[in-house]
Amino acid sequence: MTPALELTDLRKSFGPAKIIQGVDLSVGKGERHAIIGPNGAGKSTLFNLISGRFMPSSGEVRLGGELISGKKPYQINRMGLSRSFQVSNIFTNMTVRENVRCGVLYSMGYGYSFWRNIGNLKEVSEKTAHILDEVGLLEKANLPAALLPYADQRTLEIAITIAGGADVILLDEPTAGMSHSETDRAVALIEKASKGKTLLIVEHDMGVVFNLADRISVLVYGEIIATGTPEEIRGDAKVREAYLGEEAEDAA
Amino acid sequence: MKSTVKAALAAAVSLCAVTAAQADTIKMAFIDPLSGAMASSGEPAYQSFILAAEHINANGGVNGNEIEILGLDNKISPKESLVQLQKAIDQGARYILQGNGSSVASAIIDAVNKHNQRNPGEEVLFFNYAAVTPAFTNEACSFWHFRFDAHADMKMNGITDWVAKRDDIKKVYLIGQDYVFGEAVAAAAESQLAEKRPDIEIVGNELHPLAKVKDFTPYVQKIISSEADAVITGNWGQDMTLLVKAAADAGQEIPYLTFYGGSSGAVATLGEGAVGTLFQVSELAANQEGISDEQNALVAEYKERFPDYDYYYHRAFVTLEMFDAAAEKAGSIDPIDVAYALEGLSVEGGYGTATMRAEDHQVQQPLFITTVSPDVTFPVDNTDLGWALVEGGVISAEAAMEPTTCEMERPE
Amino acid sequence: METLVFALLNGVIYGLLLFMLSSGLTLIFSMMGVLNFAHASFYMLGAYLAFTIMEGTSFWIALFLAPVLVGLVGMVVERYGLRRVHAQGHVAELLFTFGLAYLIDEVVKIFWGRTAVNYRVPELLDFPLFTLYGAQYPAYRIFILFVAAFMLVALWYLLKRTRAGLIIQAALTHPHMVGSLGHNVPLIFMSVFGVGCALAGLAGVIGGNYFVTDPAMAVQMGPIVFVVVVVGGLGSLEGAFVAAMLIGLLQTSAISINASLADIFGFLGLGPHTEVGEITIASMAPMLPFLLLVLILMIRPRGLMGEREV
Amino acid sequence: MTDMTATYAALEPSRAEKFRQRTVPLIAFAVLLLVIPLFNPSRSMVTLLNHMGITIVFALSYNMLLGRAGLLSFGHAVYMGLGGYFAVHVMNWVADGSGFWGAVPVFTMPAFGFGAGALAGAVIGWPSCRRAGTPFAMISLGVAELVAAAGFMFDSLFGGEMGISGDRMSGPEFLGLSLGPVDEVYWFIAFWTFIGVLGTYAFTRTPLGKLSEATRDNPERVEFVGYSPQRVRYLVFIFAGAFAGMAGGMSAVQDEIFTPENLSLIPSGAILIATYVGGIRYFTGPIMGAIIMTYMGSNLSDYTAGWLLYLGLMFVGVVMFLPNGIAGIVYGTTDTIRAGRLGEVWQSWLIRLAGLVLIATSVITIVEVAFRWSEGYGEVFEPFGLHLDTTNLLTWVLGVVPLVLGVLLVLKSAKGESK
């Protein structure tokens, strides 16, 4: 079976700085895959390479077998890959509902449509409402996004990401900066939203990672030093040495 | 939205009150730039008309009626002129005065023609005091349009007439702005010189970009190397000033014959450099012998009243004098009557007789070639320099005359 | 040949004046991100102030005093106008300077009238320096050359050899970093804005009597200055210099080319009497800078020598 | 599940709300357009109203760029101009009356302008819309200069300095309108203004309209929900060009003339000012701006020589203190009143109003006295019988004291509000 997402010898350098130095990674359909690694390991860069924000210096990214490296972000998105951002990247001047609706529109077949009244697009409204309900923002639907509390903005970030119904979802530190209870809610949401989908997640909170992920890859200095199930990673000496240290014990 | 509605309504209601025309004033609407950069051409003309109207009113008015000049600012835009034209007509003005910019004049002629056709009984006359496109009194002539300034070909007649008299001028250089007017001026100069002095060689015929050239030295250099004895240009505005300035800087001392050398500010900018270099053709030569005391007093009065500007729009005074005379002749101030009375009418202006030719509504009057000189009674631009008549610079009305192709359609 | 020599000579002088004007704008634009629409208005202000000062005293005093006054006006504008608008983003800043240009125009008309003023070359410099191909060359133009060269050296020294210059240089390329290093960013902005305006004022002082000092001079110069800054590239005075010279020479030499499009593209079947064929290179000269602007922004948004994209 | 659907439905504005918020204002606008002639306005008033209508459509089209898509253009008049020029040409073909063109009523000119504007937008937008922000603004400036220069070069298309004029009374009549008298033109303008308002409003309700707002706020995120921001901008640009062209077509019939000056930076700058002063964040902002600026542009010069200065002061004032423009004040006020908070704020509003009146007193005194002094004809500003010349102490008092007091009052009210 073709993996949902496959990276082959992916490299990226900025001038002399080699940030990603030959990453090979294969994420199977329906798998929840987490990427962990110390700060500056290149996790966000890796996400930017996959989602098309950056052009890889060399190597390939395949989505469901199709080559996507070199394509524009919107093309990649249309092929079924959606991502969230580490720093909330929402439409601040629009309401929560409008934010989600923007995420829904393309997948419902309303490309650059200028002959339809957006208010009359029933499926779009329902899908939007459904997603708002799913993420628990239904009550705040008509608030301007800029007025949302931080945790809700993070939730909205995820809502926009999953709104298009993409099969492969990339989440960049979805729980960063959240309190414990907020994190728990976010994890529940991610579990629910990624059901039946492929999930690639970058996360610092080891509790989240080990709860959520089917498999984990460890990225250090632009290279994946280990990939495996949570147990395997926990037991991996190289990983402990390079990165986890005592932290892993605590998290486990 | 609601408040927009309210505001709009309030504005609409308050504006609907039309000022009714008073029976004993003749409103004449002056539509020209009165703000912005071009106001320096509109303002002095406006003041000239105001002063002219005051004089006529002081002498008993037009058939006993007073003239009132309404100043309307068109911001030199043809479209805005149409708004102001409508405003003028609504305020009861039946006479329109305008001159700055052929594009505006053309728009007004067109609009007045249409207005008079669409609103019989409410005709409006257009007195054009400065827009010089020959077409207005030729193929595009209109019964409703009267021109009180010599048109471009007539002015060129004045220039070429003077050049023809000067035996020492053997080579002439033509330079102008690269648009319709500049092309027309060059063509007129070429054909008239060929006729009057076939021996004169046109050593250059150059068009430069309109209002974009910062430094004319390269052009002046071309003129110098062509060994021209005189330069003819239709340039106006800064294209005229900068051209002559570059010539003066290069130490050139040949006549630059212009249409618009007398525009406000030109002499101030050029200073001594203009002496003997800058020439202009116009219907006005204030510094000459044999002018009536009355006219000289008028020039002085103008300067006293409006210290920023100088007596330049003599034709404004001629316009109103002819209007006064025509109304008296017709015994009416109705535009159609006045228009018929104006046809063929003559008045004695301060610097010669002006006659309104009936065939095309083009005024015929003497023209003068003048140059900047320190030795004058009436200096300009608040400098010591002024415009002095040059030798042989008087061009009779007959000499300046041009035939017309106008086929006037007159109302019943 | 003669024409070419004159075109080159004048092109260099015009280019230097342009550089004097645009160097200030480049500094301001690179550091603050403000494309100051009113920059050419400060140029005009410089010319008018010099005219007034010269009437009371002498040109030489005006040469120093007028730019200083313009610089002070610039600082006040920055302190009480721009800084206030800053929070609303670049569009608001751009619009503020757009409106400011409008206001300065009107105020100049109130104080100095609507027509050109008699701002003359000082008598000391009002003589022909030499005669070239039968035409006299005014000494004042060479004086412009000297002033521009002096400014160039002074600016270079200020930027490369003084502490303030180092900070400004850092701010040019990394405007966000300077604040983190503990420098007083608002003060730097205000000073740079002032200096930029003063440079424009200086260009006005020596350009006002070279050209014409009238209320239209700002409008005529304004767009060209933008072209220089954008073409030269963000954060690069060298780029601005190259662009200014390029545009100066382009404009002055193109007007002396008589060839029409038909002459050039005749081989493509463009007839000399068609409307397109009749257009001469000379008549296209004023359009060339804008063509350059559009092309540069499309093809090379960093400009000729810029370090960042606009 | 029924419960759920009910909650979902509550998200959307109810039918009644939609009707009240969207349909009622449009109906009110249509009714206003219909009743204006009942007041029997003078012909110059009608001319002014017609120009307002044209400017409203033009400003709304401009706000599709500036307000909705966040694109600052310095060359929007290009599209109105090209649309208008095309319409004038069509009018002349209609006047020639052969074949197809002979059957086209002049009433439809704005539709031709719409098409020409869209085409111009499609051609020029292609290179311009690749970038947003300052580069876009600069490209629009460059393009505007180029097109304006071309306007003077190609006489057969643009008619040189004098432009091209047409006759609106040619061709078949439509709806019994000869379009001769200006009050018949009023109906034509009213119809197309309504279409323009409706069209631009409807555009904001389309997916593309919403996306243009999203692109303004966050172009990057738009890219990650499947849209190309460049494509969004490009399409919006075409529509903005089209509606501007429509305004041009309206103007072609109203004024029957187009000159190259209509393509230049001056009208482009004017529409920028009108739109911004009106308020770019609100749909109705540009409408208010267009009405006020058209009125001021044509009539303020009747009262004062300093009208340009007042205009400039107003613009700078709005940029500095009222980023939401006049619409911002209007909606702010009505919202406060509707929320029943008038009781809390009326004092501070009153103080502010008094302060503004005082400031205005000083500004007007200074400007008027300065203009009269500058003209040097010895004319004196004499409001309410006061003789304010430059030597009169009262002039200086009036120029300074209310200004200082006014600024203090405004500051005080601002302080009070922030508490």
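Including glycine, each Cβ sits where the backbone N, Cα and C put it.
Please treat TrEMBL annotations as automatic predictions, because they have not gone through curation.
Source: prediction; values computed, not measured.
According to TrEMBL, the protein has these features:
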- D:23-39: transmembrane segment (TRANSMEM)
- D:45-65: transmembrane segment (TRANSMEM)
- D:77-94: transmembrane segment (TRANSMEM)
- D:100-124: transmembrane segment (TRANSMEM)
- D:136-154: transmembrane segment (TRANSMEM)
- D:185-203: transmembrane segment (TRANSMEM)
- D:234-253: transmembrane segment (TRANSMEM)
- D:307-332: transmembrane segment (TRANSMEM)
- D:353-373: transmembrane segment (TRANSMEM)
- D:393-411: transmembrane segment (TRANSMEM)
Leading stretch by Cβ pairs under 8 Å, where the reference is the transmembrane segment (D:45-65) and the options are D:77-94, D:185-203, D:307-332:
D:185-203
How about the transmembrane segment (D:136-154) with the transmembrane segment (D:77-94) - do they touch, taking at least 3 C-beta pairs under 8 Å (6 or more apart in sequence) as contact?
yes
Might you confirm whether the transmembrane segment (D:23-39) is in contact with the transmembrane segment (D:234-253), defined here as three or more C-beta pairs under 8 A between residues 6 or more apart in sequence?
no
Taking the transmembrane segment (D:23-39) as the first stretch and the transmembrane segment (D:185-203) as the second, find out whether 3 or more Cβ pairs fall under 8 Å, excluding pairs closer than 6 in sequence.
yes
What same-chain residues lie close to the transmembrane segment (D:100-124): Cβ under 8 Å, and 6 or more beyond its ends?
78-80, 82-87, 90-91, 93-94, 143, 147, 168-175, 177, 179, 188, 192, 195, 237-250, 252-253
